[in-house]
Amino acid sequence: SLTLSLSLDSCEIGVAHGYFYDIHVTTYGEAILLALQSYVIVYLSVKYSGDWSLENGAWFVANGAFIAAIVTKSIPAYIISLLLAATVPLLIASRGTQIYSLYRLKSVGDVSISMFVLSSYASAARLFTIAVEVKDLQIFFMFVLSLFLNLTVVVQCFYYGRSATSHQQKKKTN
């Protein structure tokens, strides 16, 4: 899915930034696990949907090459800084599509509220660790945006979840 792919790309860039600038792994370590989890989910999604297109294959190859370039530090530091700035539009596109979809459908569908609550908590925790350990304003404001977007989805889940429930209850009473 587009949302997962964009989230994965954003995680990979965050890991690359921390790794290239020798930031302690405790400040970005969860992004490694999130990236791995997202990669597996994207792979399984493509596998079970039978959507092995050239574009999907190219995406997997490009991600593999990017991971290899991160590990070998083959990418110049200024490119990593540019990519880090690019994570803002990736984050907005990733969460923005989810927010718009929930708004348009007026339903939470299969959205996991617990995932977005945990993502909100993780973003808030990252704000603290960044403020204390890293003191990087660019990363700090990215996580402020992430927290805002994740909380928007949480609020939508409660709002549309209750709306759907009360709509179903009204149907039963009539």
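The chain as shown is numbered from 1 upward.
Just so it is clear, glycine is given a Cβ too, placed from its N, Cα and C backbone atoms.
A TrEMBL annotation is a machine prediction, not a hand-curated record.
Positions annotated as transmembrane segment by TrEMBL: 27-46 (among others). Within the chain, the transmembrane segment (27-46) has long-range Cβ neighbours (under 8 A, six or more residues past its boundaries) at 1, 4-5, 7-8, 11-12, 14-15, 17-19, 52, 56, 60, 63, 122, 126, 129-130, 133-134.
Using a Cβ-Cβ cut-off under 8 Å and counting only residues 6 or more beyond its ends in the same chain, the transmembrane segment (66-92) has close neighbours at 6-7, 9-10, 12-17, 19-21, 138-139, 142, 145-146, 149. Here TrEMBL flags 66-92 (among others) as transmembrane segment.
Only residues 6 or more beyond the boundaries of the transmembrane segment (113-132), in the same chain, are considered here, and those with a CB under 8 A from a CB of the stretch are 26-27, 30, 139-140, 143-144, 146-147, 150-151, 153-154, 157-158, 161. Annotated transmembrane segment per TrEMBL: 113-132 (among others), in sequence order.
Taken from TrEMBL, the feature transmembrane segment covers 138-161 (among others). Within the chain carrying the transmembrane segment (138-161), a Cβ under 8 angstroms from the stretch's Cβ atoms is held by residues 14, 17, 84-85, 87-88, 91-92, 95-96, 98-99, 102-103, 105-108, 111, 113, 116-117, 119-120, 123-124, 126-127, 130-131, all 6 or more beyond its ends.
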